[in-house]
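J.: Got a structure for you, written out below as structure tokens; questions coming shortly.
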Amino acid sequence: MFIEQMFPFINESVRVHQLPEGGVLEIDYLRDNVSISDFEYLDLNKTAYELCMRMDGQKTAEQILAEQCAVYDESPEDHKDWYYDMLNMLQNKQVIQLGNRASRHTITTSGSNEFPMPLHATFELTHRCNLKCAHCYLESSPEALGTVSIEQFKKTADMLFDNGVLTCEITGGEIFVHPNANEILDYVCKKFKKVAVLTNGTLMRKESLELLKTYKQKIIVGISLDSVNSEVHDSFRGRKGSFAQTCKTIKLLSDHGIFVRVAMSVFEKNMWEIHDMAQKVRDLGAKAFSYNWVDDFGRGRDIVHPTKDAEQHRKFMEYEQHVIDEFKDLIPIIPYERKRAANCGAGWKSIVISPFGEVRPCALFPKEFSLGNIFHDSYESIFNSPLVHKLWQAQAPRFSEHCMKDKCPFSGYCGGCYLKGLNSNKYHRKNICSWAKNEQLEDVVQLI
């Protein structure tokens, strides 16, 4: 039987996450032992989404195409090549099956066509930390308040999963100061398909290590290391001995086959250490290394960015390129064309949840900025709000026709980050820029 006469239907192991413009296929969303390398999302544009939602086993592939084309007054003949290519791809990825006769199959869905719902969530388990880092955007410390209860955490995790979230990140503060850190770690690894664990690496205990080993096929552990010089790292992190303990943890986890990504916060004292840090990371056995300049949020506002000097910036860019060329197997670089999205998705595709239940678009947004409280407010009231719709529709400065780019002294700072665009308007400019005005974000600037 030719594919045209067969009856396509979405597999029961696939969930269609609906968005206002298209959707996402969540493959194997129920299987709890999917490895990081095997788990995947498939983005659907509006047409592909509408076609998939017709695939319930009751119509032939040919009938589905004809119905879809009739909606838009198009000829099936003009679309059949890419359509049947898509069907073959979906079949190869086990998203659909092709039946020989009509039979009704229910399509499992999450999300909404009316408003965006997130696919990824970051949980801040606590704002407490055993360190007091010089650049911390949350201004965490041993004295900081805020720790989510295990009961509230599980309730929230269940709600997020049921509404489409399949990947998550757990962070702090420092997650391992939470009294129920291991129970939470076990819960998220059973619940979600991909889990990132962010830690400073100074509080790793045997029980935590055993859990990470058990779930290593779906875990990425992110650990901060900021210098090859122990004194520089310890001073930056606010505790003597933290460098040695962090290096020990990186090696320990790596030796047990756990994927470790080391992150470096770059500032004036360590900016010429990136090469040596990459080598150090490789020697410790980690699989990935990333670095970012300290952002001017939280305590980071007090740290001066040294590359504001044009000549210094030029020299650093040359140095950086040499490092990337030498360690391209270790430093993940996203091709520019893959960055060309309207925005990063903060606030609608991914969210951050504080220990108090306050929802922020991303970790760098100030603690006072809230889209709503997920412990008390309904899902719809949070994500169907005018603010979330505004963030979903906003073009990041780099990709907005309203950004003056070449004429703006802040274009390099803002780049593809709409938070930095908001931040520059709130703290670095005398007047609201054309990007913020035309993207209708003037009121959001005042919330930062």
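Glycine is no exception: its Cβ is also placed from the backbone N, Cα and C atoms.
Swiss-Prot lists these features:
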DOMAIN    115-329  domain 'Radical SAM core'
BINDING   Cys129, Cys133, Cys136  [4Fe-4S] cluster 1 binding site
BINDING   Cys408, Cys414, Cys417  [4Fe-4S] cluster 2 binding site
J.: Just jot down the residues in the same chain as Cys129 ([4Fe-4S] cluster 1 binding site), at least 6 apart in sequence, with C-beta under 8 A of its C-beta; none if empty.
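T.: When sequence neighbours closer than 6 are ignored, Cys129 ([4Fe-4S] cluster 1 binding site) has Cys136, Ser140, Ser141, Pro142, Ala144, Gly172, Gly173, Glu174, Val177, Asn200 within Cβ distance under 8 Å.
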J.: For a quick check of understanding: among the binding-site residues Cys408, Cys414, which residue's Cβ has the most other Cβ atoms within 10 Å?
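T.: Top count of Cβ atoms within 10 Å goes to Cys414.
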J.: For the recorded [4Fe-4S] cluster 2 site, enumerate neighbouring residues of the same chain (Cβ within 8 Å of the Cβ centroid of Cys408, Cys414, Cys417, site residues themselves excluded), in sequence order.
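T.: Other same-chain residues with Cβ inside the cutoff are Pro397, Arg398, Cys403, Phe410, Ser411, Gly412, Tyr413, Gly415, Lys420, Gly421, Ser424, Trp435.
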J.: Reported as an integer number of Å, what is the Cα distance between Cys417 ([4Fe-4S] cluster 2 binding site) and Cys133 ([4Fe-4S] cluster 1 binding site)?
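T.: Per the Cα atoms, Cys417 ([4Fe-4S] cluster 2 binding site) and Cys133 ([4Fe-4S] cluster 1 binding site) stand 24 Å apart.
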J.: Apart from Cys129, Cys133, Cys136, which residues in this chain have a Cβ no more than 8 Å from the mean position of the Cβ atoms of those residues at the [4Fe-4S] cluster 1 site?
T.: Leu131, Lys132, His135, Leu138, Glu139, Ser140, Ser141, Gly173, Glu174, Asn200, Arg237, Gly238, Arg299
J.: Looking only at the domain 'Radical SAM core' (115-329), what is the model's average confidence as pLDDT?
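T.: So the average pLDDT across the domain 'Radical SAM core' (115-329) works out to 94.
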J.: Using DSSP reduced to three states, classify Cys129 ([4Fe-4S] cluster 1 binding site) as helix, strand or coil.
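T.: In three-state terms, Cys129 ([4Fe-4S] cluster 1 binding site) counts as coil.
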J.: Rounded to a whole angstrom, what is the C-alpha distance between Cys133 ([4Fe-4S] cluster 1 binding site) and Cys414 ([4Fe-4S] cluster 2 binding site)?
T.: 24
J.: Could you say whether, by DSSP, Cys417 ([4Fe-4S] cluster 2 binding site) belongs to a helix, a strand or a coil region?
T.: coil
J.: So if I draw a 10 Å sphere around the Cβ of Cys133 ([4Fe-4S] cluster 1 binding site), how many other Cβ atoms end up inside it?
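T.: Excluding its own Cβ, Cys133 ([4Fe-4S] cluster 1 binding site) sees 24 Cβ atoms within 10 Å.
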